[in-house]
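First up is the structure itself, then whatever we jot down about it.
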Amino acid sequence: MADTTNDEGIPQPEGASDIIETEYEIGQDNIETSIGPFGLDIHNPVFMISGLSVVVFVFAALIFPGQFETFFGWLRPALTSTFDWFFMLAANVFVIFCLLLIVTPLGSVRLGGADATPDYGYPGWFAMLFAAGMGIGLMFFGVLEPAYYFGTPWGDEPLGAARPFGEDGQIIAANVEEARRMALAATSYHWALHPWAIYAVVALSLALFSYNKGLPLSIRSAFYPILGERVWGWWGHTIDTLAVFATLFGLATSLGIGAQQANAGLDFVYGIPTSVTTQVLLIIGITAVALVSVLRGLDGGVKILSEINMVVAAALLLFVLFAAGAVTILGDFVMGLGAYFTEVVPLSNPFGREDDGYREGWTAFYWAWWISWSPFVGMFIARVSRGRTVREFVTCVLIIPSIVCVFWMAVFGGTAINDMIANPEASLVKANVIDAYKPELSLFGMLEALPLTAITSTVAIVLVIVFFVTSSDSGSLVIDTITAGGKIDAPVPQRVFWCTFEGMVAIALLLGGGLTSLQAMVISTGLPFTIVLLLMCFAIFRGLQAERQAL
Amino acid sequence: MFKRIMVPVDLAHVDRLNKALTCAADMAKQHGSEVVYVGVSAATPTSVAHNPEEFAKKLEAFAVEQGQASGVTTTAHAVTSHDPSVDLDPTLLKAVDETGADLVVMASHIPNVTDYIWPSNGGTIAGHAKVSVLVVR
């Protein structure tokens with residue numbers, strides 16, 4: 001279980017790095033106390049304020065459900081349709097910034113000092129990258145999104161691509177290839193370079209300021225170049241509290257909504273009726289496994305679960321690939337990759353377009369969503385990325401996951417699209433995505449058309465559930481670290497608290513209503529965080545420059 | 001009787017270790033043994049050090065200082081852990097082998113109800129180490 005980086009003790013020496021000299025001592029604002037028999041070591045006031053504000057918002061959402069739903073139901077779409085250009089331009093900046101880091105000399109800086117060695121090997125590292133922030137989305141959207149863009153008749157088609165189905169539902173053969181090509185390109189656009197660049201920016205800034213500059217592993221540290229010593233005061237408290245708030249509600253609302261979707265899947269596959277009891281049991285089960293995982297720690301729990309998940313996901317991917325016809329699907333992949341490269345520029349240009357449904361309803365929504373998750377995912381990636389050079393880090397967090405995601409979308413989406421055109425009348429994908437919008441059944445509809453449905457559907461449900469566990473456990477570790485003032489060695493009861501708290505918030509919102517309105521609230525935090533991320537790019541640039549001079 | 005005595009130290013809370021440190025030094029004097037101080041650090045910056053390298057230096061300095069005060073031979077052995085809250089026990093058990101110690105002297109709190117769920121570090125080390133363990137309360 002204990003996987004120390006070096007049997008001989010500390011990797012000696014770690015080499016040159018440019019430590020920021022600050023008056024602040026990590027843990028100086030912490031309170032070490034005990035409640036009953038439980039020892040605590042918590043940051044004052046971030047722990048209390050984030051905890052209490054979550055409770056206040058849960059109660060408010062339960063007491064004024066109507067007002068919450070009206071307000072956030074208006075706010076989120078209002079933000080994404082008004083500021084779609086801002087989200088899109090910012091995301092483009094992140095991608096270009098990351099690509100520049102790979103090719104410029106700044107990329108040679110090593111996270112953790114010039115001579116640091118990587119904490120994790122590639123398999124464990126990649127597994128944790130995917131399992132924390134994206135796995136669950138790949139399961140949910142892998143079939144849904146390409147199928148939707150391919151067949152949608154409701155004006156959401158990307159870049160006004162030709163529609164493959166006529167008014168009467170008959171296939172228009174001439175349009176099929178163009179629609180397929182654009183569906184794969186438009187889906188890949190949302191899952192490849194842009195989201196990973198968002199995560200990479202946050203992760204890189206935290207890793208740099210923590211491992212090389214010696215500041216605590218907390219969101220506020222990334223702001224040191226801009227705010228200076230003020231980050232240790234209320235500026236920093238606010239930034240950290242906002243990050244905890246967004247992470248906790250992001251995880252809890254996804255867990256609640258995810259339980260409803262998993263229930264729909266269980267109903268479809270096994271006929272287990274949709275009921276609140278089943279959903280609450282699912283949340284309790286997911287939280288319980290996540291608890292075991294955080295109790296076993298990063299190496300003994302989180303990493304192992306992530307690796308198991310990756311193996312199972314890869315098996316499902318290969319099964320779909322071969323069951324659906326490897327040659328056709330690999331052709332789709334090559335075509336999808338090519339289409340992505342040719343269409344990524346028009347797709348990421350926010351001006352002079354008429355596809356509002358796609359651009360505002362999907363792209364801007366995704367960007368806000370990725371950005372609101374970025375404090376959590378970025379901090380987790382930072383935690384496991386020590387010892388890599390910036391160039392290696394960006395290549396592995398940006399380029400390789402992008403290719404994996406394009407491949408995943410080509411396999412799941414390509415199979416789903418083939419199913420829709422092979423027999424539009426009988427296609428369950430078409431029935432659940434286009435004819436009636438039941439997104440949670442899209443994946444199962446696709447698996448239904450392939451052999452061994454009973455087995456693959458079960459595997460898919462297990463994967464969905466375990467991906468929730470791997471988000472929940474890594475999220476609890478991140479929240480625990482932020483609320484302990486950047487200490488990763490805080491007493492274990494604290495992480496147990498956050499993990500349990502997240503499950504309880506999910507259950508409260510599930511029972512009382514308010515999951516969707518609070519999720520809309522979380523996604524709305526994407527707008528202020530976009531400004532934060534832009535500032536981070538500047539801070540990273542300055543920080544890396546200083547690092548180069550220290551060499 | 002004992003050649004090498006291992007003393008796990010938490011550099012952030014040295015004030016709580018006085019009894020264990022004195023006890024180890026006295027025993028070392030009596031048996032003419034060497035004391036090796038083992039410190040476990042996270043790879044992230046902590047209240048003790050900005051990075052593992054600095055932590056190792058601080059532990060080294062601590063060992064020298066202890067040696068001068070008590071007049072016994074002292075060394076330091078620093079280790080990093082990905083998740084110290086959870087991995088501390090196995091990391092320390094590994095350090096027992098790495099240092100070749102034949103006695104562990106460590107401080108521990110008085111057991112309370114949570115020890116049924118999370119045993120104290122001293123308790124776990126005593127339960128699993130193949131060498132003698134003296135838990136100082």
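Placed from the backbone N, Cα and C atoms, the Cβ positions cover glycine too.
TrEMBL annotations: computationally assigned, not manually curated.
TrEMBL annotations:
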type	residues	note
TRANSMEM	A:46-65	transmembrane segment
TRANSMEM	A:85-103	transmembrane segment
TRANSMEM	A:124-144	transmembrane segment
TRANSMEM	A:191-211	transmembrane segment
TRANSMEM	A:232-259	transmembrane segment
TRANSMEM	A:279-298	transmembrane segment
TRANSMEM	A:310-341	transmembrane segment
TRANSMEM	A:361-381	transmembrane segment
TRANSMEM	A:393-417	transmembrane segment
TRANSMEM	A:449-469	transmembrane segment
TRANSMEM	A:496-515	transmembrane segment
TRANSMEM	A:521-541	transmembrane segment
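The transmembrane segment (A:232-259) makes contact with the transmembrane segment (A:46-65): 3 or more of their CB pairs lie within 8 A, with pairs spaced 6 or more apart in sequence.
Among residues of the same chain six or more beyond the transmembrane segment (A:279-298), those with a C-beta under 8 A of the stretch's C-beta atoms are 1, 255-256, 259-260, 262-263, 304-305, 383-384, 465-466, 468-470, 472-473, 476-477, 492, 495-496, 499-500, 502-503, 506-507, 510-511. Here the transmembrane segment (A:521-541) has long-range neighbours at 57, 68, 72, 75-76, 79-80, 83, 86-87, 90, 93-94, 97, 101, 106, 198, 201-202, 204-205, 208-209, 222-226, 239, 242, 245-246, 249-250, 253, 365, 367-372, 374-375, meaning same-chain residues at least 6 beyond its ends whose C-beta is under 8 angstroms from one of its own. The transmembrane segment (A:310-341) makes contact with the transmembrane segment (A:393-417), as judged by at least three Cβ pairs under 8 Å among residues 6 or more apart in sequence. Fewer than three CB pairs closer than 8 A are found between the transmembrane segment (A:361-381) and the transmembrane segment (A:449-469), and contact between the two stretches is not assigned (pairs 6 or more residues apart). Distant neighbours of the transmembrane segment (A:191-211): 17, 20, 91-92, 94-95, 97-98, 101, 109, 111-113, 116, 133-134, 137-138, 141, 217-219, 221-222, 224, 340, 344, 348, 366-367, 370-371, 374-375, 377-382, 385-386, 390, 393-394, 397-398, 401-403, 405-406, 408-409, 486, 533, 536-537, 539-540, 543-544, 547; these residues of the same chain sit at least 6 beyond its ends, with a Cβ under 8 Å from one of its Cβ atoms. Sequence-distant contacts of the transmembrane segment (A:449-469) (same chain, at least 6 residues past either end, Cβ-Cβ under 8 Å): 131, 135-136, 139-140, 254-255, 258, 261-262, 265-266, 268-269, 282, 285-286, 289-290, 293, 305, 308-309, 312-313, 315-316, 319-320, 323-324, 415, 419, 427-429, 443.
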